[in-house]
Amino acid sequence: MDHFALVDGELHCEAVPLSRIAAEVGTPVYVYSANALRTQARRFRDGLKGAGRVHLAYAIKANPNIAVLNVLAREGYGADVVSGGEMARALAAGMPAADIVFSGVGKTRAELSRGIGAEIGQFNIELEEEGVVLAQLAAAQGKTARAVLRVNPDVDAGTHAKISTGKSENKFGVPIAEAADIFGRLAGLNGLNLRGVAIHIGSQLLDLGPLEAAYSRIGAFVSELRARGHTITHVDLGGGLGVNYKAGDVPPDPADFGAMVARVTKDWDVTLMFEPGRVITGNAGVLLTEVIWVKPGVTSPYVIVDAAMNDLARPALYDAWHDFEAVRPSGECMVANIAGPVCETGDTFARDREIDVVKSGDLAIFRTAGAYGATMASTYNSRPLVPEVLVDGDRYAVVADRIAAETILAAERVPDWL
Ligand SMILES: *Cc1c(COP(=O)(O)O)cnc(C)c1O
C-alpha cells in the first residue's frame, strides 16, 4: 500500500493531511511514514526467510534520523555505520552495540578506538594496514575486535558511476586476487577475530544479475579461504537494492532477492549479513514544498519551489528523478521545469516534465525522498537546514528541527585581530 495517497482529493501521509504539516511546521519539510518503514523492513526480512541465519544492519547513511532508527531498531534491525557520528546515532537510537557493523574506507584511528571501546559487533576492514592498526588498537585496550575483510569482486553493478563501488578501479575493498593472502596475514593477529568477508557493489541496483555474480565470486572465495585452513562464520553481502523512482522502474522484489540469496548461498554455512539502506527508507519519505512562483520560460515555464538542491541534492548530484505531485491535484497537467531558489543552474529538479498544474502558493511533494535526502542537506546559500517529520497513523512529530540561518551564523566569528 502507498502511505502517501490522496484522501478526498488531498495527499496525506497515512492519516495526516500534508497541508496540516505544511501549515504547522512550514515548508520545505521531509515527511516520513513510520508504517511505510515498518512495511519495508518486514518485506526485506521476510524475503530472506529461506536464507538461514541472517543479521540485518540497516545502512544508516541512507536516513540517519534517530526517530527513523528507533522504528527500525524495534523491527530488529541493527546498523551499518560509516563514521563515528553514525555510530553515536545508532547507539543513541538504542541499537545494541553488538548489532552494529562499522564500514567505511577511511575510518580514523580515533573512530576505530571508539568502536573497540563500545564493543561494536563487527568492523569491515577495507585495506591490510587498517586491519593491522585495528588489531593493535584492540590489543592495547585488552580486547578482540570482530572483523571481516571487504573484498572488491570487480563486478559492474550497472548503476550510476558515482554510486558504483564494486569495480576494481573503485576505492572500496581489497582486490579479490590478493584477498586470500591479505586474509592470511591478518588472520593470526593478536586483538583481531577475522571471521569472514564482506562485499557491497553499489547502490540503486535494478537488476539481480550483478549481485548474483558478486555473491557467486564471494562463495568461491570463502571455499578458497577454508581450503587454506581459515574458519569463516560470517559473510556480509552489503546493500544496494534499488527502489522505483519513476514509472517504469522495476526494482527487484525483496522476495526474489531473498530467493536468489538462498539459492546462491545454500552451502555456505555462515551467518549472512545485509546492509540495506535505500530499499528500507527510500519510498517511506517525501519532501513537501510550496510553489513560490511560476515564471515564464523560453520553452516551458519554471515552477520555482521553496525546496532546493541544498535540501535534496540527488538531482544535482546524480541527475536523479523524483516524481513531483501537487498536494491538491486538479486533474489538469502542464509541462514545466521545476527549480529551487539556489543560485546555480544545477538547482533544477526536472526539465520539460509533465506535472500537475500548480500555481504560486500551492503545495507539492517530491516522492521517494526518504533515502539520501535530508541526510545530504546543507545550508548552501545560507538557507536553513531542512526539518523532518515522522507520521504514525493519525499522529505526527517534528523529529528534526529546522535549523535557522541565524543559528549557523551564531557559530561563526570574526577574529578580534582582524
Ligand atoms: C551505502 C552503503 C550501503 C547501503 O546502500 P543502499 O544502496 O542504500 O542499500 C550498504 N553498505 C555499504 C558498505 C555502503 O557504503
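In case you wondered, yes, glycine gets a Cβ from its N, Cα and C as well.
For the substrate site, TrEMBL lists Arg278, Arg314, Tyr318, Glu344; matching the candidates Tyr245, Tyr372 against that entry yields Tyr372. TrEMBL names Glu275, Pro276, Gly277, Arg278, Tyr372 for binding pyridoxal 5'-phosphate. Of Gly240, Gly248, Gly340, Gly346, the residue it gives for the same site is Gly240. Counted within 10 Å of its Cβ, the other Cβ atoms near Gly240 (pyridoxal 5'-phosphate binding site) come to 30, all protein chains included. Between the candidate binding-site residues, Tyr318, Tyr372, the densest Cβ environment within 10 Å is the one around Tyr372. Ligand 1 lies within reach of none of the recorded positions Tyr318, Cys343, Glu344, Tyr372, judged by a C-beta closer than 6 angstroms to any of its atoms. When other Cβ atoms within 10 Å of the Cβ of Cys343 (active site, proton donor) are tallied across all protein chains shown, the result is 9. Ranking the recorded positions Lys61, Arg314, Tyr318, Cys343, Glu344 by the distance of their Cα atoms from the Cα of Gly240 (pyridoxal 5'-phosphate binding site) places Lys61 first.
In the predicted model, residues of the domain 'Orn/DAP/Arg decarboxylase 2 C-terminal' (30-370) average a pLDDT of 97. Put simply, Tyr372 (pyridoxal 5'-phosphate binding site) is 11 Å from Tyr318 (substrate binding site) when counted between their Cα atoms.
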